[in-house]
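Notes follow once the structure below has been shown.
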Amino acid sequence: MTTDDHIVFIVDDDERIREALGELLASHGTRAVAFASAGDYVGADKPDLPACLILDVELPDINGLDLQRQIAQGDHPPIVFITGHGDIPSSVRAIKHGAVDFLTKPFSDADLMAAIQVAIVQDREKRSERADLGVLRQRYLELTRREREVLPLVVSGLLNKQAAAELGISEVTLEIHRRNVMQKM
């Protein structure tokens, strides 16, 4: 991976941690952008690249776990939590809500880089699925009204004769619409 094809966001109120993580990531050819608070991160313009969010649990403006819950409604990168005060309930909550990992300070560079790698791969896959879904939506919009009526019947496994009867059209007409659907989708 090159520096230009992904990014890591760091949210930690400790400047030394932000700097150390930034240097570690730079040494691995990874671009990083650091924020001192959750509010700074949420309010920032972010490049449209595969990403990972390294998030401290204890922040001055909001708990990292609460931020995870808030941003879960939108489009956000996978999260790797870091904390100096880890406990089992917090780590379980973070993982149950989709965090890639929950690392307690001090953690090894290798553990962090492995978690970031997993997060970047997850984000790439999510972006690819979203792009594929967008293509399917566009193709669906190109179907005629009748083709949109035929599609769910075909997908549900009805025979042409059954689907034609349900729509009140001939089997030959249904086959034409079905062929058009298959070509467009």
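The backbone N, Cα and C atoms fix where each Cβ goes, glycine too.
Keep in mind that this is a model prediction, so the values were computed, not measured.
Listed features, source TrEMBL:
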- 7-120: domain 'Response regulatory' (DOMAIN)
- D56: 4-aspartylphosphate (MOD_RES)
- 136-185: domain 'HTH luxR-type' (DOMAIN)
The residue listed as '4-aspartylphosphate': secondary structure state under DSSP, collapsed to three categories: strand
Per-state residue totals over the domain 'HTH luxR-type' (136-185) - DSSP helix, strand, coil: 39 helix, 0 strand, 11 coil
